[in-house]
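Only one structure is covered here, and it is reproduced in the block below.
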Amino acid sequence: MKRYNETLYDAWGQSFAMDEILFEAHTDHQHLVIFKNAMWGRVMALDGIIQTTEGDEFIYHESLTHVPLFAHGNARKVLIIGGGDGGMLREVCKHQNVEEVVMVEIDEAVVDMSRTHLPNHNAGAFDDPRFRLEINDGAKFVRETNETFDVIISDSTDPIGPGEVLFTQDFYGACKKALNPGGVLVTQNGVPFAQPEELTNTYRRQQAHFQDHTFYSAAVPTYVGGVMAFAWATDDEALRKLDLETLKQRYQASGIATRYYTPEVHQGAFALPGFVANLLK
Ligand code: SAM
């Protein structure tokens, strides 16, 4: 049987049996493959790196969506950068107070192929009337836009290839300008045990633009190497320090069903393991 061997790290990796290849091509931006695996369901990889699996995507997507949206409490306009598989969009669209969701994805083929081959990821969200798709480089979009957002979610690839610009100080500065007062930027920021520089670089680069910036975390099994870090950046420190009762009220009032997110997990996610906290000193 054919196997998919991830190439994220030179010295170590994970390997998946490819039970059936649903799509494989070099797009204008990257190598894209979507295949079936008996343990993880449908799996998407870009340029040799696993991006998402049906088995564990809920942990990642719920963490990057519901933590900022419930902390904000009244997000009406949300920007997703990347996110072509539609999983983030699906979770954002569960929030009834959201009136508009813009997704800026560089690679139209990822959106098209996810719509066809990863239907559980988007679950119809691409057809939500509140959704607008922009095919563009996310860094260019935020630099040039006059629109402003309550929450910006960067659901990017790693800082290699097209995703590299989404980890720069300029990008974080442009996001700051595109946020409404009290807005929050969250970004996928790799696995600190295996990618410590990704964490320290982001921390330093966000410091220039945000008064309250830190990370929260979740363990996503196919992003191997322990907990994954999500950067949290805002000027409103109170959002991160919301009390549990308020989070519980917002969660219950929303009626949103989640498999990973709970108000308790939300609060606990900001308690960083010692070695991660030490990287920020
Ligand atoms: N969850 C995954 C992870 O952490 O590995 C990433 C998800 S995947 C949907 C990331 C998406 O970001 C890809 O579809 C890719 O095409 C898109 N992307 C990469 N660089 C981009 C850029 N500069 N602007 C917009 N989208 C970008």
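Residue numbers in this text run from 1 along the chain shown.
Cβ from N, Cα, C; glycine included.
Summary of the site annotation: TrEMBL records spermidine binding at His61, Asp155, Ser156, Thr157, Asp158. Screening the candidates Asp85, Asp170 against this entry identifies Asp85 as the one listed for that site.
Site annotation (TrEMBL): S-methyl-5'-thioadenosine is bound by Gln30, Glu105, Asp137, Gly138, and the candidate from Pro68, Pro119, Pro159, Pro162 recorded at this site is Pro162. Summarised as a single figure, the pLDDT of the domain 'PABS' (6-235) averages 97. Close to Thr157 (spermidine binding site) in the fold, though at least 6 residues off in sequence, lie Gln30, Leu46, Asp47, Ile49, Gln51, Gly82, Gly163, each with a CB less than 8 Å from its CB. Summary of the S-methyl-5'-thioadenosine site environment: with the site residues Gln30, Glu105, Asp137, Gly138, Pro162 set aside, the chain residues having Cβ atoms within 8 Å of the Cβ mean position are His29, Gly82, Ile106, Asp107, Asn136, Ser156, Thr157, Gly163, Leu166. The distance from the Cα of Asp158 (spermidine binding site) to the Cα of Glu105 (S-methyl-5'-thioadenosine binding site) comes to 14 Å. Counting in whole angstrom, Glu105 (S-methyl-5'-thioadenosine binding site) lies 16 from His61 (spermidine binding site) by their C-alpha atoms.
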